[in-house]
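Asker: Please read through the structure below; I'll follow up with questions.
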Amino acid sequence: MKKLFDDFKRDIKFKSAGPGKKLTEDTSTKPEVSQSSSSAKQQDRYAPSEGAQRAGAAALARIEQQSRPKVHTSHDAIRNQVKRELEAEAASLAEKDKAAVAEESKVPVKDPACLSVSGVYFTCPLTGATLTKSEREIHIKEAILMRFEEDAVEASVMMIHTFNKDREKVKAAVDIISKYVDNICKCPSEEKYRKIKLSNKVFQEKVRSVEGSREFLQALGFTSIMLPVEGQEEEEEFLVLPEQSSDALELMKERRDRLQRGEPVRAQLDRQPQAFRPSPNAQRFELPPEFYNLTAEELKREQQQRSDLVEKNAMLRTKAMREKEEQRERRKYNYTLLRIRLPDGNLLQGTFYAWDRLPVLFGFVRESLVDGWQPFELIAPGGQKLEEAEEVALAERNLVPAALLTFAWDAAVQADIAAAGGKSPTLLKPELLETIRTLN
């Protein structure tokens, strides 16, 4: 195609210059001389063929079209574009997973049947789907895009707050978009406030670079239009909003408020609550690699080094040094697996973030009990009593990467129940007892 276009340009120049003349020669001032029939035939030889003319015209049309900015005219185009980006991102993640598997293959892999939990899983708040760590981000993006059919404003707000990692950039974009809306609502008949020039420096740097911002403006009613610009030959792209009624302006304010209140959509950790029968293996834990920040090889190497240096450093370290090292150790874990031994001997197990706080743990236990309203205590290894109201991370209580806790009802309350002739309460909810298992 390029060759046809080059031939076409050359043919045009030959036709303008005439045979035997230099291409740079100005022929506009010279009188036209009648040509002989042989000369006419010779000139016809340089005229572009019909096919070359069509190819050249098509190429010129493409070049002219490419010089204009691409305009997204529908949500379908937006979804297709983001879908391509998601597919590329998925391919990249697959390559990383493959590399991680290759790295872990150097270390002996534990039998999945021996693991205390099969892995770390998450729940999508939009679809309810259960996801692995590598699946969650792409799934949530796809779920957000699917919501454009139902509510384009909600979907675009989710895009802005979820697709962009830099919270400062998001805040700046939200502030500028809010200013657009405020100006329109204050001066609804002022046309300049209802036109956004896409080449504007502030828009380019603060708004356009934030994914979802254009979709939100389109959801407000802005449409893409090419308009002439004073002092320029070529038109430029603008987002233009028609004049709005008073009711429409109130709706714009409400949508602005939704944008300002927006929060990132994040997959929620699936705690995988599981009941186990009484077992002498309650303190034995075999965790999958997802629980660690380090690779299996790094963990193995560090454990060996730590074992070699324990005796050597025991007498040399101060208390502050030991505490600092313990904090460094705790940061190696993303998650923790906790078991709670109940008064009847049964066990309740759940997965937590290492930085979850004690009230989260107490809430999990309470939700698993038939009589969760009754006060109870949780005792950590070593006899340390945990306080429900204490806003302390599990890692700070040395409850990572796994721990066995002891459950006890409040003694005073139980004494009052017994004095009134009451029975000891049933512990776990029926749905947990229906799936109770035996520890390996």
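Note that Cβ sites are derived from N, Cα and C of the backbone, with glycine treated the same way.
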Asker: Would you please say which range out of 264-291, 292-319, 320-347 has the annotation coiled coil in TrEMBL?
Answerer: 292-319
Asker: Per DSSP, how many helix, strand and coil residues does the region 'Disordered' (260-285) have?
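Answerer: Computed counts for the region 'Disordered' (260-285) are 2 helix, 6 strand, 18 coil.
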Asker: Take the domain 'UBX' (331-407) and count its residues per DSSP category (helix H/G/I, strand E/B, coil), listing them in that order.
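Answerer: Going through the domain 'UBX' (331-407) residue by residue, I get 14 helix, 30 strand, 33 coil.
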